[in-house]
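J.: In case it helps, TrEMBL gives these features for our protein:
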type: DOMAIN; residues: 40-289; note: domain 'Nucleoside phosphorylase'
type: BINDING; residues: Arg80, Arg124, Ile125, Gly126, Thr127; note: phosphate binding site
type: BINDING; residues: Gln203, Arg205; note: substrate binding site
Amino acid sequence: RENFIHLCNPHLEKMKEDILYHFALGTGTHDFPTLFGDVKFVCVGGSPSRMKAFIAYIAEELGLGSPGCDYPNICAGTDRYAMYKVGPVLSVSHGMGIPSISIMLHELIKLLYHAKCSDITIIRIGTSGGIGLEPGSVVITKQSVDATFKPQLEQVVLGKTVIRSTNLDEQLAKELMQCSKEIGQFNTVIGNTMCTLDFYEGQGRLDGAICLYDEEEKLQYLKNAYESGVRNIEMESSVFAAMCNLSGVKAAVVCVTLLNRLEGDQISSSHDVLVEYQQRPQKLVGYFIKKSLGKV
């Protein structure tokens, strides 16, 4: 049925037990339907501390927790990822870059499948570099594009190149945009997100250990990206979109911009300003979840 997780792997049905190694969870040792069967919203982000802060925030917003309440890390048996849960919301860290989030998503999607979850919405909340936007602007991703501005994920499987779609749920993006308008606290746009394999050369920075191009070439590249519809740059959205598409899951990417890359490469805002910026995707997604549950 369409509202359940779809697994693109017939081999899993033949396995007596499925060990989610990087979560330190397994179908032979944990009752997935009991632990996770009520999950409807999954929020993922790079930092374990940020995802713990998010679960505390959403718990209070939904009236399911109190200030100072501690939430145990479900993946405490490993130091790879962190996972927290309150009510119908699961909060999971994914580390940095395509390989790290890819591993996490394989195991997360299997977890949701084994738990018999339905009508799932997965949202990545994070930080990014903006292009042509004021720092602190929030970008809801229309589609993830690669470093050549193509809306695709290129992956090598068994020595062969596989191309996968990186479109995200259009209706979900519109709903999130409407939520931002209702909040009315910060600038939000829908635009393409460029997903790169690297933070420095891959994003055209001039401040890495290696840089064999000049500032004019960098600016021309970023202007070309802007003209193609790109509004921010990060390192996870392409595989996130591709894997959610293949699994039949509604997905969105909501990232705040920490700087305008047309004006510089280094993040120089104060710690307090950056903390406030990083709370903006949390506020938007938190409001969306509340609204979806009829609590607004």
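A Cβ is built for glycine as well, from the same backbone N, Cα and C atoms used for every other residue.
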J.: Any idea what the Cα distance is from Gln203 (substrate binding site) over to Arg80 (phosphate binding site), rounded to a whole Å?
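T.: Pair distance, Cα basis, whole Å: 26 Å.
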J.: Return the member of Arg80, Arg124, Gly126, Thr127 nearest to Arg205 (substrate binding site) in space, with distance defined Cα to Cα and candidates limited to these binding-site residues.
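T.: Among Arg80, Arg124, Gly126, Thr127, Thr127.
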J.: So if I draw a 10 Å sphere around the Cβ of Gly126 (phosphate binding site), how many other Cβ atoms end up inside it?
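T.: Its Cβ has 24 other Cβ atoms within 10 Å.
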J.: Express in Å, rounded to the nearest integer, the largest CA to CA distance found among the phosphate-binding residues Arg80, Arg124, Ile125, Gly126, Thr127 named in the record.
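T.: Taking every pair among Arg80, Arg124, Ile125, Gly126, Thr127, the longest Cα gap is 20 Å.
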J.: Can you give me the same-chain residues 6 or more apart in sequence from Arg124 (phosphate binding site) with a CB-CB distance under 8 Å?
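T.: The answer is Cys43, Val44, Gly45, His94, Glu236, Ser237, Phe240, Ala251, Ala252, Val253, Val254, Cys255.
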J.: Arg205 (substrate binding site) has how many other Cβ neighbours within 10 Å of its own Cβ?
T.: 18
J.: What is the number of other Cβ atoms found within 10 Å of the Cβ of Ile125 (phosphate binding site)?
T.: 26
